[in-house]
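Novice: Pasting the relevant annotations from TrEMBL:
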BINDING   His14, His29, His31  Zn(2+) binding site
Amino acid sequence: MFELSKQFRFEAAHTLHRAVDAEPSRRIHGHSYRAEVILRGPADPVTGMVIDLGLFERSLAMVRDALDHRLLDELPDLGPATMENLSAWIWRRLAADAPQLARVTIYRDSLGDACSYFGPDHG
Ligand SMILES: Nc1nc2c(c(=O)[nH]1)N=C([C@H](O)[C@H](O)COP(=O)(O)OP(=O)(O)OP(=O)(O)O)CN2
Ligand SMILES: [Zn+2]
């Protein structure tokens, strides 16, 4: 069993309705995000790879393009633009191309925030 990971960064804006810091959160504001995607599985005996990272990078580039410099509130299938929903959204986008998906983690490094999603089979 091997574990492969790739990371990408994106900048995005959002609004959020919440009980604390309600007013500044409701205004449009931005964050710098880092996404880490983990794949787990055996290496193919012929290729020696869990997945060709070149192929995987293409899928990640499409996901990043849909998020970078966007107003996340406008993503139709995201829901409230929290790190929880972002990690699950990235999972849904990648699952068909990468059945070895094991975890998607969203980081907001400047705030010390992180949130991981382990897929629908883990609640
Ligand atoms: N469980 C979650 N809680 C919150 C999320 C989230 O994604 N999941 N997101 C936010 C907001 O995005 C918010 O902008 C971050 O708020 P906060 O930690 O208060 O940081 P700020 O920089 O906006 O505020 P400071 O007071 O300047 O630290 C909130 N909660
Ligand atoms: Zn925010």
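From the backbone N, Cα and C atoms, a Cβ is placed for every residue, glycine too.
TrEMBL annotations: computationally assigned, not manually curated.
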Novice: Tell me the Cβ contacts of His31 (Zn(2+) binding site) under 8 Å, same chain only and six or more apart in sequence, or just say none.
Specialist: Glu11, Ala12, Ala13, His14, Arg108, Ser110, Leu111
Novice: Whose Cβ lies within 8 Å of the mean position of the Cβ atoms of His14, His29, His31, the Zn(2+) site, other than those residues?
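Specialist: Neighbours found: Ala12, Ala13, Thr15, Leu16, Ile28, Gly30, Leu72, Ala81.
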Novice: Quick one, of the binding-site residues His14, His29, which Cβ has the fewest other Cβ within 10 Å?
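Specialist: Counting other Cβ atoms within 10 Å of each of the binding-site residues His14, His29 gives the minimum at His29.
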